[in-house]
Amino acid sequence: MTNQAAEVAKRRTFAIISHPDAGKTTITEKLLLMGKAIAVAGTVKSRKSDRHATSDWMEMEKQRGISITTSVMQFPYREHMINLLDTPGHEDFSEDTYRTLTAVDSALMVLDGGKGVEPRTIALMDVCRLRDTPIVSFINKLDRDIRDPIELLDEIEAVLKIKAAPITWPIGCYRDFKGVYHLTGDYIVVYTPGHGHERTEAKIIQNLDSDEARAHLGDQYDSFVEQLELVQGACHEFNQDEFINGQLTPVFFGTALGNFGVDHVLDAVVDWAPRPLGRVAHERTVEPVEEKFTGFVFKIQANMDPKHRDRIAFMRICSGKYEKGMKMRHVRLNKDLRIGDALTFFSSEREQLEEAFAGDIIGLHNHGTIQIGDTFTEGEALGFTGIPHFAPELFRRVRLKDPLKSKQLRQGLQQLAEEGATQVFFPERSNDIILGAVGVLQFDVVASRLKEEYKVECAYEPITVWSARWISCDDKKKLEEFQTKAMENLAIDGGGHLTYLAPTRVNLALMEERWPDIKFRATREHH
């Protein structure tokens, strides 16, 4: 095996998906603790104080104590290199969160054991399904009251349409939480409270049918054995092929706050989740062990560093090897550049990078020329697919406070749209500017960045738009006829693409029925 192939085999690139407050920030900290990337985990409560959680950037995040921006953390674990892509976890996350899922090879789904499957989890799973991403599941908060575990597994299967295969099973919960039983390994991992902030070796009891296990479970022993028989009879067994194809998820139980069960999940990512996979481009499929470098940009982040008013383009490496000072081609602009200063991330601590391999995420300094979806190669003209725009779910009309600044407004919005901070639509019938977003917070972010970076103040007004659909049609005459009839609701987006802004769900359904030859798409590929 060549050095490059060995490096690729060591890589695991994944993201965490969860509903706000399911415990994602805490589990991120504990994963970093496992990888010895941080010496001691700060509890979530300290997030709003001076000790920001390691993945909180930008002024507004500091004020709100939330992580708006998707950051990347790399750490070693069991002779593997883990790339963890953090996704904004609060109620108002953005399209960035969806796009981050296009840059990973697997995902970790964190569920609150007291609440089960929640709306954001469903939305994120829909995005994972676009690429059949393998999912590992962690049912969190066992140190509190949780719902019946069998009921939780049924809900995962019914709502998320994926088979659930429990690997560990909880012994009690809240004050009676005694640990988890490993279903295939036949051993108990004992839970001892109070070790949330450090790395500790958990005590193991071999064999459920042992005096030690009986003593540990006490009064719970008989009912637990009975429950296990039911579980083993009713639940799916783990199957590697079904997992890799995104049809089955292994399920683990634990408490991230108590730092218990998190290592089981990380072991599953190392043992079962795929190494970096081949990536489809318009021209061909690119394999990770190919010698030549390729990569694509899935996110652009502004002002990570308040001292430097720069923007960083996050690039997922698909093949080859990045070396400091190498030359690469920016395919869309057909321009060669020498990259001497790519960054690797341990959250906000930026470090200069000497080399990186397929599966790794690197940061390129961007002075406004790089866009989301851009491909970089060592010369070959390639364009990777599968980095879409997602139809916004919320819309606002922009009103400028100073009418003389309309040029700055357009310039600012164009740039923010290229970064993926928002989507911009220019209606065919008016001079309005409409912004689209996936989460309410994106509007606040855009307004504060327009003010700080472009010295433009704007306000928002409500507008009757339910959703946007990108329009295409193979029949030019039909398209022209549609454009004439639907002019009222048509707009051009920031990339120059024809878009239908549907005022209601019913309206969209009617239009799709009335115009069968017109394609109304909920996603649009970049470029």
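Easy rule for this one: first residue shown is 1, then count along the chain.
Even glycines carry a Cβ here, placed using N, Cα and C.
Under the three-state DSSP scheme, S18 (GTP binding site) falls in the strand class. Here Swiss-Prot flags 18-25, 86-90, 140-143 as GTP binding site.
Per Swiss-Prot, domain 'tr-type G' is recorded for 9-277.
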Starting from the Cβ of T87 (GTP binding site), draw a 10 Å sphere and report how many other Cβ atoms land inside it.
-> 27
For L142 (GTP binding site), which residues in the same chain are close in space, meaning a Cβ under 8 Å from its Cβ, but six or more apart along the sequence?
-> G113, P170, C173, Y174, F177, Y191, F253, G254, T255, G258, F260, G261
Which site among S18, K24 has the most other CB atoms no more than 10 Å from its CB, taking these as binding-site residues?
-> K24
